[in-house]
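Encoded as structure tokens, the structure appears first; notes follow it.
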Amino acid sequence: MLQTTIVASKQLLMEAPRFVFLSLLLLLTASTTSAQLTRGFYNNVCPNVEQVVRAAVTQKFQQTFVTAPATLRLFFHDCFVRGCDASVLIQSPNNKAEKDHPDDVSLAGDGFDTVIKAKAAVDKDPKCRNKVSCADILALATRDVVNLAGVRFIMSI
């Protein structure tokens, strides 16, 4: 009986690395495939979100060209530096929010205004109210200002 237990233990030890590798692979795959904005992501919840954001961004862009670089820079500071969570938009009464960080204080108000106006336009539709994240609106608005500035491309969102 002891011999059988030792053999079973050795087999288990030999299989452990494979099990750990497959488990890690599964976890990594699952974490990279969730929560990604794709074209038509909100079709069932807020079918016109992309058109509504585009209209709001176009209106702001026509008011001032600064909208394009300001929104793009805002997107950079949010996504590429700290993760795409729209935390750069959050204000705090005690100036401890990301928006108040010295690196973000110089962000142009037109970028914030673009996202605020797009979010307000989306929330006007009762089907869309509080269903579309600020991070997604920031991503869509950035896509649209870059396109309005004359860059022609197909962005896979």
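Using N, Cα and C of the backbone, Cβ positions are placed for all residues, glycine too.
Marked as signal peptide by TrEMBL: 1-35.
Every protein chain considered, the tally of other Cβ atoms within 10 Å of the Cβ of C46 (disulfide bond) stands at 18. Taken from TrEMBL, the feature disulfide bond applies to C46-C128 (among others).
Following the DSSP three-state reduction, the secondary structure of H77 (active site, proton acceptor) is helix. TrEMBL lists H77 with the feature active site, proton acceptor.
Neighbour list (D85 (Ca(2+) binding site), Cβ cut-off 8 Å, at least 6 residues apart, same chain): D78, A135. DSSP gives D85 (Ca(2+) binding site) a coil state; it is part of no helix or strand. TrEMBL lists D78, V81, G83, D85, S87, E98 with the feature Ca(2+) binding site.
Cβ-based neighbour count (10 Å, all protein chains) for C79 (disulfide bond) stands at 17. The disulfide bond annotation in TrEMBL covers C79-C84 (among others).
Of the listed recorded positions, namely D78, G83, C84, C128, the sparsest CB environment within 10 A is found at G83. Straight-line distance linking the Cα atoms of C128 (disulfide bond) and S87 (Ca(2+) binding site), rounded to a whole number, equals 21 Å. For H77 (active site, proton acceptor), the count of additional Cβ atoms within 10 Å of its Cβ stands at 20 [all protein chains shown]. The Cβ neighbour count for S87 (Ca(2+) binding site), using a 10 Å radius and every protein chain shown, is 16. Here the C-alpha separation of C79 (disulfide bond) and S87 (Ca(2+) binding site) works out to 9 Å.
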